[in-house]
Structure formats: C-alpha cells, structure tokens
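Structure record follows, encoded as structure tokens.
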Amino acid sequence: MSAIAPGMILFAYLCGSISSAILVCRLCGLPDPRTSGSGNPGATNVLRMGGKGAALAVLIFDVLKGMLPVWGAYELGVSPFWLGLIAIAACLGHIWPIFFGFKGGKGVATAFGAIAPIGWDLTGVMAGTWLLTVLLSGYSSLGAIVSALIAPFYVWWFKPQFTFPVSMLSCLILLRHHDNIQRLWRRQETKIWTKLKRKREKDPE
C-alpha cells in the first residue's frame, strides 16, 4: 500500500499533465486555447473555437485522465485518503501540466472523472446538477461552482467514507474559479450561449 499510493499519485499527475485541449487544437488546426478565446485550455473554450466535435473529444479525454488513475487505485484497495490525493494529483496535472509549461485548465472535467469511480449513482447526480445549473443560468462556470459546492454533501449521502477527499477536490476547483466567482458577482461573466452566438456570427457557414 505504502509503495502503490505514491506511485499512483505520480502517475495521476502525469496523466493530468496531458492537455487534450492543446493537442486536439493542434490536430484540428485551431488556435492555441491558452492564448485564444477565454485563455482556458478546456472543453468549453474548445467548443467556442472549434465546435462540438473537438470539444467532445477534449471532454472525454479530460474525464478519463481523472477517472483511470483513481479507478485503478480504487481496485488496488488504496484507502480513501490516498484516493483523494490521487484525484487531486490528476487535477493538479491538468491545472499545472509539466508537459505544457505549467499552464493548464481549471480541472472540472478531470475532477468529475476522478469522482466517478465512487459510483454511477453519484456520477449521474453530479452530471445532472451541472447540466441543470447551466441550462437555468447559462453559465458554464456557475455549473462547475455549484457542483463543487454540493459534491461533498452528495458523497456524504452515498458513500460517507469519501467525503473528506472529495471536499479537498471541491476546494481546489473553487480556488481555480476565483476569477469566475468575481465576474459572476459583478455580473460580468459571459453566458455560454452568448459565446457560441458570437462564434456563429464571426464564422458564418
């Protein structure tokens, strides 16, 4: 156990450091997401720049790079505390990727993937919370913030032994959304529908 957990933490960080948004944009001939759009190398920004197909590829990859290390460690019998550190390591890799100059995204999809091995019931509730918040508000960032705030309570209800590690993960996501929280408070955050409308007007078919 003592040897497996630190090794899985390193593996999770390296997996997280593979920035799918940057790679997909390069393959599709799109601008670097770190310097275009919102400047965030994540699925939402890629959706704005390259459309649904590219964004879906980024989303799936980002979820998997959080899910696979945690799932593997879970199957190996790693304790909840260490599982939390492994999940955080995957998100830290996404946020500060060693392979891409330590400039990454906000870790939402990767965090979602890291929480998924706890159970499909929890995964469905988390996805529903994010989707409902986005549909009602129009803000992708608010969906992430609300989901991060509620996640520890969901986990406490479904599998309380994972409450502490998920709480640590939620704190990391909220810290990464500090600027978004300020813009939401000042009513300066742009709705996702507005961003897509601007893209269609700029690049008409």
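Just so it is clear, glycine is given a Cβ too, placed from its N, Cα and C backbone atoms.
Keep in mind it's a predicted model, so treat the numbers as computed, not measured.
When the topology recorded in Swiss-Prot is consulted, Gly77 and Thr133 turn out to share a side of the membrane. Between the transmembrane segment (53-73) and the listed ranges 81-101, 112-132, 138-158, the one holding the most Cβ pairs under 8 Å is 112-132.
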